[in-house]
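Visitor: Features from TrEMBL:
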- 6-23: transmembrane segment (TRANSMEM)
- 30-49: transmembrane segment (TRANSMEM)
- 72-95: transmembrane segment (TRANSMEM)
- 107-124: transmembrane segment (TRANSMEM)
- 125-423: domain 'NADH:quinone oxidoreductase/Mrp antiporter transmembrane' (DOMAIN)
- 161-182: transmembrane segment (TRANSMEM)
- 202-221: transmembrane segment (TRANSMEM)
- 242-264: transmembrane segment (TRANSMEM)
- 270-290: transmembrane segment (TRANSMEM)
- 333-351: transmembrane segment (TRANSMEM)
- 372-397: transmembrane segment (TRANSMEM)
- 409-436: transmembrane segment (TRANSMEM)
- 457-477: transmembrane segment (TRANSMEM)
Amino acid sequence: MLSVLIWIPLLAALLIVLWPNLSPQLSRQISLLTAGGLLVWSLILARLFDPTVADLQMVEHITWIQPLGLNYYLGVDGLSLPLVIINALLVAIAIWSSDLDISRPRLYYPLLLIIFAGVAGTFLSSNLLLFILFYEVELIPLYLLIAIWGGKNRGYAATKFLLYTAVSGLLILAAFLGIVWLTKAPDFDLDTLITSTLGVSALPLTTQLILLGGLVIGFGIKIPVVPFHTWLPDAHVEASTPVSVLLAGVLLKLGTYGLLRFGVGLFPDAWNAIAPYVASWAVVSVLYGASCAISQKDIKKMVAYSSIAHMGYIILAFAAASPISLLGSVMQMVSHGLISALLFLTVGVVYKKSGSRDIDVIRGLLNPERGLPLIGSIMIVAVMASAGIPGLVGFVSEFLVFRGSMEVFPVQTLLCMVGTGLTSVYFLIMINRAFFGRLSESVINLPRVQWRDRIPAIALAVIITFLGIQPKILVNWTESTTSALMSRPPIIAQIESNVKAIDLN
C-alpha cells in the first residue's frame, strides 16, 4: 500500500519522458492526475491508520541486498503520516501552479514527480540505508529545477544548494555506517538497531555523542539552522514559485523529521547530554532569522529568513524532548509547511502582478479596483498564522512547542517567544508597505490575476483555518507516537545500573 506513493510517481515520470511526441499539455495533465490521485490515496491511508497504535503500521519488509543490510522496509506512524499527506498536497499544488507554457515540460514535470517519490520514500523508510537513498533522490531534481527554471543567479544558488546538501548526506551516511558497525547490528533496520543498542554491546556515551554530532550537523544543514543556513535564502530567491513551495513546505522537513527519528529517538542519552546546547542553538536561529527578515526589502527573501526562524521552534521542541513539545514539533512541521507554501504562493502572485517583490516599490495591492484584494487578504491570513494568532494552525503548534519546552528550558523558551513577536513586526512592515497606500502606476496596467492562481491559495488558507479550529485531527495522529518515542528508558542509565549491580555482587 505504501509503495504506491513511491513507484506510481516514478512510473508516471518515466511515461512522460519516454512517450514520443507527448504534448506539453498532456505532460501537465498526467503529472497533475498522478499527484492528485496520490493525494487521495494518502488520505485513504490516513483513514486506515489506527491513531492508538504507536508502532509502524502498513509495514512492507522485503530483504533486498542482504550483505549490505539494505532491506526494503517501509512503515507509517504518527510522525510520518502527516508529512506524507503534506507532501502529496504540496506537490499537487506545485504542479497546478506551474506556468502553462513552462519550458521543457517533459523534463520539468518528471522532476517534480521524482521529488514526490523521494520525499515519500524518506518519510516512510525504516531502514537507514533506504532512508539515505531516498533522502538523496531529491538532490539532483531540485538542483535542476533551480538551475534551469530559476532566476538570473540560478547557477550560483543551485550549486550552493547542491554542495550543502551533498555534505549533509555524507555526514548522515557516515553516522549511519558508524552506528551499524559499532553496534554490530545485522542490518540497517531501525528496530534492529534499537534492539542492539539495548543489549550488552551498547555504545559508550562518548561514542554516542560523536555519532549524534554527525547527525545533528548533517540534518542541521538540511533544516537549516544557523550557521548552515546561507544556501536557503539564495535558493528561494532564485527558485520559481512552485519550487519554493516544495522547498519550504516539504524538503526542509526532511531534516527535522530525520533528526527527530534518528537523533532524538535513537540516542536518548546523548541527546539529553547536548539538549541545553541545542536549545540555545534554537534561540540563535530564531532570533537571527527574525532579525534578518526585518531588514529585507525582497518579500521572498523575508519569507525565507522567516522559515529559518520557524525551524528554530522545532529545534527547541526537540531539545526539550517532552511528549508535549514533540507533539508540538510535528504539528509545527505541518503548520510551517502549509503556511510557508501559502506565503510563497501569494508572493509569486504579487510578483506576477506587479513585476516586483520590493516592498519599497509595490504599493496599494489591497486596492479593490485594480489591486489584489483577494490575494492580499489571503496573504494576511498566512501572516497571521505565521505570527501565531489564535484560530489558525500556527497558534496551536507554537503553543504546544512553548508549553512543552517551558518546564525544561524556561529561559530559551522565553527568548524564542520573542521571535514570535518579531514575526509580527516584519510581516506587519511588509503588509503595511505593500498592500496599503496608493496603488502603484506599474500595477494598474497589468492584467488581472486569474482564478487558476487563486484556487491553490484559497485551498491552503481554508486548510490552515480548519486545522486551527480543529487541531484534534493532527493531535490524534501524532500523540501516541511522540509519547512512545521518549518512553524508552535511557540506554546508558540501564547499563550503568547493571554494572553497579555486578560490582555490588
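Heads up, the Cβ atoms here are built off N, Cα and C, so glycines get one too.
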Visitor: Pairs 6 or more apart in sequence, C-beta under 8 angstroms, 3 or more of them: is that satisfied by the transmembrane segment (72-95) and the transmembrane segment (270-290)?
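Guide: Contact absent: fewer than 3 Cβ pairs fall under 8 Å.
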Visitor: Could you tell me whether the transmembrane segment (6-23) and the transmembrane segment (372-397) are in contact, taking contact to mean 3+ Cβ pairs under 8 Å with a sequence separation of 6 or more?
Guide: no
Visitor: Are the transmembrane segment (270-290) and the transmembrane segment (457-477) close enough to be called in contact, which here means at least 3 C-beta pairs under 8 A that are separated by 6 or more residues?
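Guide: No, these stretches are not in contact.
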Visitor: Could you check whether the transmembrane segment (333-351) packs against the transmembrane segment (457-477) - three or more CB pairs closer than 8 Å, residues at least 6 apart in sequence?
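Guide: Yes, the transmembrane segment (333-351) contacts the transmembrane segment (457-477).
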Visitor: Look over the recorded stretches 6-23, 202-221, 409-436, 457-477 and say which has the most C-beta pairs under 8 A to the transmembrane segment (107-124).
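Guide: Per the Cβ under 8 Å count, 6-23.
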Visitor: Give the nonlocal contacts of the transmembrane segment (409-436) in its own chain as ranges (CB under 8 Å, at least six residues past its ends).
Guide: 275-276, 279-280, 282-283, 286-287, 289-291, 293-294, 296, 299, 302, 306, 309-310, 312-313, 316, 319-320, 350, 359-360, 362-366, 371-372, 376, 379-380, 383, 386-388, 398, 402
Visitor: Restricting to the same chain and to residues at least six past its boundaries, which positions have a Cβ under 8 Å from a Cβ of the transmembrane segment (6-23)?
Guide: 30-31, 34-35, 37-38, 74, 106-107, 109-111, 113-114, 116-117, 120-121, 124, 134
